[in-house]
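Here is the structure we will look at, set down as structure tokens.
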């Protein structure tokens with residue numbers, strides 16, 4: 001069965017079909033994200049967590065209280081939210097797709113004199129580490145509340161992103177790995193440590209115990225939160241920047257740009273949340 005999957009992926013790779021699909025996905029995604037900076041509804045559909053809930057709670061997603069059919073439909077769409085705990089679905093899907101690609105790489109080594117290092121996509125190995133860590137964080141560290149929600153469109157965006165990303169980053173071309181050439185791995189590890197530390201600090205804002213989870217929003221402090229308002233987003237950018245540096249090609253550039261646009265948009269919304277809730281940004285926060 002795995003051989004059949006490997007053969008199918010290899011055949012589609014030869015035709016370039018999957019690469020074309022990935023490029024089209026990221027191109028359209030980047031275009032829509034750019035539009036979201038100017039169109040309120042598109043922006044709200046891609047928000048999640050406190051950024052979305054507070055807007056719904058304050059009635060900011062409804063706009064003018066008109067009674068036209070279009071306005072009623074838009075209000076219904078704006079309120080199509082699901083729990084943020086379903087973030088785990090993203091990482092499970094990403095792990096399945098990425099694992100298949102890594103197994104396919106290893107299967108091609110059979111009967112070959114090449115080392116594993118030259119047969120396997122290093123980028124996908126790092127992505128596997130990222131996905132495992134994020135899944136464990138989501139299950140063991142992140143404390144979701146009834147207010148931790150995301151729009152259904154944001155959920156679909158996450159599902160499709162983690163379906164596409166493992167293949168878009170896949171590159172098992174033979175290469176010589178030098179000390180300088182592995183500097184992106186250092187960038188990846190730095191981003192990983194920053195993001196883990198940030199998620200732990202965010203989790204500590206909510207005491208253990210379900211009855212205590214529904215507490216007012218507070219701006220986190222400490223660590224890199226003293227210098228930037230969203231170090232977990234900054235860390236994610238570092239992670240995907242490391243992927244781009246390892247795979248310097250157009251599709252990896254599109255993927256990195258896509259991630260940056262998503263995180264910049266959500267980072268900007270962080271300031272709006274602080275404004276709405278009357279919270280204070282750390283003095284050096286940006």
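Numbering starts at 1 and runs along the chain as displayed.
Cβ coordinates come from backbone N, Cα and C, glycine included.
It is 148-165, from the ranges 130-147, 148-165, that TrEMBL records as transmembrane segment.
Taking TrEMBL as the reference, the stretch among 57-76, 177-196 described by the feature transmembrane segment is residues 177-196. Which of 20-39, 200-219 counts as transmembrane segment depends on TrEMBL, and there it is 20-39. By the Cβ criterion (under 8 Å, sequence separation of 6 or more), the transmembrane segment (20-39) is not in contact with the transmembrane segment (177-196), since fewer than 3 such pairs are found.
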